[in-house]
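Asks: Below are the structure tokens for one structure; questions will follow.
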Amino acid sequence: MKAKTRQIRVGNVPVGGDAPCSVQSMCNTDTRDAGATLDQINALAAAGCEIVRCAVPDMAAAEALGAIKRQSPIPVIADIHFDYKLALKVLEGGIDGLRLNPGNIGERWKVEEVVAAARERLVPIRIGVNAGSLEKELLQKYGHPTAEAMVESALGHVRILEELGYDQIKISLKASDVPKTVAAYRLLAQRIDYPLHIGITEAGTMFSGTIKSAVGLGILLADGIGDTLRVSLTGDPVDEVRVGFEILKALNLRQKGINLVSCPTCGRCQINLIGVAEEVEKRLAGIDAHLTVAVMGCVVNGPGEAREADVGIAGGRGEGLLFRNGEIVRKVPEADMADALIAEVEKILAEKH
């Protein structure tokens, strides 16, 4: 069961409460290049990204972000560190959310100015604790970046905002170490009811980063922890969105795109199942429909899996049986399997509309 958290809104996207876990990403373009950043945001939105974050290293980036926000199809969050003037500038430009740790931007009056501007516009603030940048006093107290140190850091930042009467807050606790991240979120979830942004930071490249993120986020989501997520990968941010939705789909928390089931193959397989499955996956990638498609290689599990799917192929010697809703449609030669599956999917979609 999902943990009950308060609900905030990032632009038009609800986060927390009964809202489904949303999928975020972060642009890796230079924010000062508004054209390139908007191109990437549009690509992310096309992949299903619901919230996007942009780095704001200087005033030129803050000014560009205003124009980016006005043309973005999805809510935009500004990632701010140290300089409160950058936060004020992006708030003035209509930003949908801030990622900002109030303890890192100097004197209290600076925090008060940022909070006043955020309150005026109902802009939420994400407190983002990272194991790699904990306060020196916490490192001295705990010896190294422990889960407890991360939680104490987060609560310290929360306290600053609460003292100023601001509760439009969400929190993240990220480390590249999966068990540490999981432990930190579990501890924090027992202490507060603010919505939680979950992620494994610096997770790695597409292969290793996907695995780390799937394990860490999967554990948290199965525990009911997580109101919005970002999969951090070294590479194209569009892949972060795809992986994020696949993690949610695997736990039946979100449905986006077609669910492809395919067997790993073994010595009984007598067709080029890998080639068929890869072609089917590629051709179905742009279809956002709640369907299960099975590509199975032999008579052991194939017919059963194919029958359970909306559409499926169960392979034999150079051919296979095409199933739809548990019923055999026809026998299909191996060379035509991908085309037959795609055609059947298109037929179902046409009938639904």
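Every residue gets a Cβ built from N, Cα and C, even glycine.
Grabbed the feature section from Swiss-Prot, which reads as follows:
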type: BINDING; residues: CYS263, CYS266, CYS298, GLU305; note: [4Fe-4S] cluster binding site
Asks: Around the Cβ of CYS298 ([4Fe-4S] cluster binding site), how many other Cβ atoms lie within 10 Å? Please give the count over every shown protein chain.
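Replies: CYS298 ([4Fe-4S] cluster binding site): 21 neighbouring Cβ atoms within 10 Å.
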Asks: When neighbour density is defined as the number of other C-beta atoms within 10 angstroms of a residue's C-beta, which of the binding-site residues CYS263, CYS266 has the lowest density?
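Replies: Per-residue Cβ counts within 10 Å for the binding-site residues CYS263, CYS266 bottom out at CYS266.
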Asks: Under a three-state reading of DSSP, tell me whether CYS263 ([4Fe-4S] cluster binding site) is helix, strand or coil.
Replies: coil
Asks: Does GLU305 ([4Fe-4S] cluster binding site) have same-chain partners at least 6 apart in sequence with Cβ under 8 Å from its own Cβ, and which are they?
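Replies: VAL261, CYS263, ALA294, MET296, GLY312, ALA314 - these are the non-local Cβ neighbours of GLU305 ([4Fe-4S] cluster binding site), listed in sequence order.
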Asks: Which state, by DSSP, holds CYS298 ([4Fe-4S] cluster binding site): helix, strand or coil?
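Replies: In three-state terms, CYS298 ([4Fe-4S] cluster binding site) counts as coil.
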Asks: Using DSSP, would you call GLU305 ([4Fe-4S] cluster binding site) helix, strand or coil?
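Replies: Note: GLU305 ([4Fe-4S] cluster binding site) is helical by DSSP.
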